[in-house]
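Record features (Swiss-Prot):
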- 97-255: domain 'CP-type G' (DOMAIN)
- 146, 147, 148, 149, 197, 198, 199, 200, 201, 202, 203, 204, 205: GTP binding site (BINDING)
- 280, 285, 287, 293: Zn(2+) binding site (BINDING)
- 325-370: region 'Disordered' (REGION)
């Protein structure tokens, strides 16, 4: 059992701004009474009474020296609170249960993947890419489809049947008409949830509906590109009325699927289901053209798997080439995630000589003539 002393508080980092950390103190910490000075305090014992729920903190120099990073979502120990100024110092970071690098969030429990069924229209390839990226985190995935009021019930059923074949049960919502917002709130209760999805699908509007008076900036869909404009610039956790924290993340339209070629197949529920009832002949099967492959077959996202596999192989090859300075090819990423190899220019051969080097060369020449 972890032991704290009086003057130490427990909380969660909800925002990072430069070298400052906004820490939300635990509810039980804020509600329970104080103890005598110098007395040890256990996690199951009353902690000091806190006049404030949020403190703006810095990181102790000791943590900087040992390279301890502080992330949004981290459980931290805060000491020496200045209640008048609303300040404190982070003395320790508790062990993380989970960690995401992009976006940088610790201790997340699940991903709420938000897409729209219309305006912008639902793109199966883009959705598939987001789903695979979400699967790579190891977190539970909750898929919700916004703007359901813009399509008929028949279209909703077609979309639902299609996604069920992918291995996902979508929840149709409408922020505009407050459809199924209460049901979404039940999924988020007492958990740290990361909201993800492309720009323009209504992520910020959904958060505004779930957390009244938060007033997140909401953008419109670009008429020319039929894509949303970015309105979220950084990662921040917001407290839900019924408990739990919600992380709004910057929207993007084509997430990187940066897993290894060998791992990729396990991020498709359809492929996992096939591998659960049969095995491939070869242990290193890539599920492309090998004989007696259990994965290859007539399932809709198999073509997506092949495209993502080609990207993963190209990325792995690029890493090998970066480690090999003698390589004569380099991988260039073009539009829409397409990649191709190009000849690598000889190092420094085509670099213009600096004026300083030219002057030094002339000085050496004069010295030789003398």
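The count begins at 1 with the first shown residue.
Just so it is clear, glycine is given a Cβ too, placed from its N, Cα and C backbone atoms.
Close to the recorded Zn(2+) site, the chain also has 281, 282, 286, 288, 290, 292, 294, 295, 296: residues not among 280, 285, 287, 293 whose Cβ is within 8 Å of the site's Cβ mean position. Sequence-distant neighbours of residue 280 (Zn(2+) binding site) (same chain, six or more apart, CB under 8 Å from its CB) are 287, 290, 292, 293, 294, 295, listed in sequence order. DSSP assigns residue 148 (GTP binding site) to a helical segment in the three-state reduction. When Cβ neighbours within 10 Å are tallied across all protein chains shown, the highest count among the binding-site residues 203, 287 belongs to 203. If you measure from the Cα atom of residue 201 (GTP binding site) to that of residue 285 (Zn(2+) binding site), you get 38 Å. When the binding-site residues 146, 148, 197, 199, 203 are compared by Cα distance to residue 285 (Zn(2+) binding site), the shortest distance belongs to 197.
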